[in-house]
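Visitor: Residues annotated as thiamine diphosphate binding site in Swiss-Prot, with sequence analysis given as evidence: H72, G113, H114, A115, G145, A146, N174, Y286, E369. Per Swiss-Prot, Mg(2+) binding site is recorded for D144, N174, and the stated evidence type is sequence analysis.
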Amino acid sequence: MHLSEITHPNQLHGLSIRQLEDIARQIREKHLQTVATSGGHLGPGLGVVELTIALYQTLDLDRDKVIWDVGHQAYPHKMLTGRYNNFNTLRQKNGIAGYLKRCESKFDHFGAGHASTSISAALGMALARDAQGEDYKVAAIIGDGALTGGMALEAINHAGHLPNTNLMVILNDNEMSISPNVGAISRYLNKVRLSEPVQFLSDNLEEQFKHLPFFGDVTPEMDRLKEGMKRLAVPKVGAVIEELGFKYFGPIDGHNLRELINTFKQAHKVHGPVFVHVATVKGKGYELAEQDQVGYHAQSPFNLVTGKPIPSSKPKPPGYSKVFAHTLTKLAENNPKIIGITAAMATGTGLDKLQQKLPKQYIDVGIAEQHAVTLAAGLACEGMRPVVAIYSTFLQRAYDQVIHDVCIQNLPVFFCMDRAGIVGADGPTHQGMYDIAYLRCIPNLVIMAPKDEAELQRMIVTGVNYTDGPIAMRYPRGNGLGVPLMEEGWEALPIGKGEILRNGDDLLLLGYGTMVNTAMQVAEILGEHGIEATVVNARFVKPLDTDLIVPLAKQTGKVVTLEEGCLMGGFGSAVAEALLDHNVLVPVKRFGVPDQLVDHAKPDESFADLGLTSSQIADEVLKSFFKTQEPSVIS
């Protein structure tokens, strides 16, 4: 059977092991071809091919529900649920999402982009099933990286207290999240995987039994026998899980279809919560990805033979994350109090560079954003300079800790929010739209954003040097503007002070962060129409430079704000509030992300869809404030 013929996962029922192995081969081929062409997550999905096939072969997915954690490990799931034939649109505008979306398929039972949510959602569905007197299976598939998240442990704690609620938790244990896992839980799982009795029984039991005359060929009961002997040989296998109220199976070879199918069939018969521990290899089937599991977690388009990224047509400036990591590491070399903290995102944030150079000044807490923030608060209490490098979208997970543990106590923690603004192909779960709004309302917190990578360097110095309380900096995904950078000697910025980049009497353009460059482009377009605009780089949304902005607003009589974030509660709102507070009643036009979700697409496509290109903004300004002028041509 060809994979393109499978439009429903129940078509796996009745297929032989050989046929299922062929399906697995086709999934890996399609997975590799697609990601090599258009980019996406590579290692996670390759590691769960057999797990997915085996589980779906034992379920009725017209009724039963499977909840995937994170979602980027669910590419095989997408191919088996009717999306093979348009899988080449993965992560492209109007194409298949890189994560799970309930609106995309009836088989995507719960949306996922952030880690550690699956067990909670699955338990909720299981309880709803029981409350409504229905009868179907619910399974959650979670990686060992996501299992370091407190939310997953909270859900396990709850589920283990419900002995009459049927729920299957499947641990996809590949010893990795994006980077190698950290912490006691990971260490415990590795002991289980790598214990000598488990390894011997997994590798040699069938071969040994073949030599016994009364056994002959390996019987269908071998997997059950193997499981029982593992328990006798290693009493501690799964002991912690079973003490928490789960029936434990494992560890199971995650690439042995026969063993997986037999184990899942046994587990389905268990009454109450059951935990199936599956040992997999991240990147399975692509040797380069197996050897470099961090580097091949996610890829831009690459050459399948060499594994090397396809070079761009022209050189690109260094990315913001790279500049951040380089600058912070240089500062940390001369300041042993600087401690970089990441929540399992060392590579993404660039803190792996700090780890390599100054390992004693680096902490990876695992997927534990709440802990990361309060840990930083504790470090700050004792005079250290904690720098929490975190994606904007993930800081949302620690909002209470930001308020309660940092800002109320006015502790000097430096939050560096990567991927702020429009992130592109990762879509709504990863867009960094909300940080300006959700942080601006918190007392004691200073918030800033650089206009380019050179100003990023100065803001890093500003944040490290600021000891009067907490401070946050947002910066985007992707490459800088190509401005000259300094290797040292960066000067801190005065807190709460912006700068004038261009003078004009007709209009005030206030840009924040990445939109400062756009504001300059808008001013150029307006200048072609005889309209001269003052352009201000705000630098700080809190405290806002009202000493600069208010007089300029009075002088020009027209104000336009530009930001790469949500309009509600954002930078434009801060400006409008300040003008009202100073009784300056001038028209204000705000440009940013409206009250909507921004789907996956290339960033420039999203900017155009949102009306945030320089030509679109200039046209709108002309129509709103200068109705006699002809609009420019939108490129």
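Using N, Cα and C of the backbone, Cβ positions are placed for all residues, glycine too.
Mind mapping these onto the model and telling me what they sit next to?
Guide: In this structure, H72 (thiamine diphosphate binding site) belongs to neither helix nor strand by DSSP; it is coil. The Cβ of H72 (thiamine diphosphate binding site) has G40, H41, P44, G45, G98, Y99, A298 as same-chain neighbours under 8 Å, each 6 or more residues away in sequence.
Look at D144 (Mg(2+) binding site): DSSP puts it in coil.
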Visitor: Just to verify a number: CA distance, H114 (thiamine diphosphate binding site) to D144 (Mg(2+) binding site), in angstrom, no decimals.
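Guide: Here the two Cα atoms are 14 Å apart.
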Visitor: Hey, what's the widest CA-to-CA gap across H72, G113, H114, A115, G145, A146, N174, Y286, E369, the thiamine diphosphate contacts in the record, in Å?
Guide: 32
Visitor: How many Å separate the Cα atoms of E369 (thiamine diphosphate binding site) and D144 (Mg(2+) binding site)?
Guide: 16
Visitor: According to DSSP, which of helix, strand or coil covers E369 (thiamine diphosphate binding site)?
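Guide: In three-state terms, E369 (thiamine diphosphate binding site) counts as helix.
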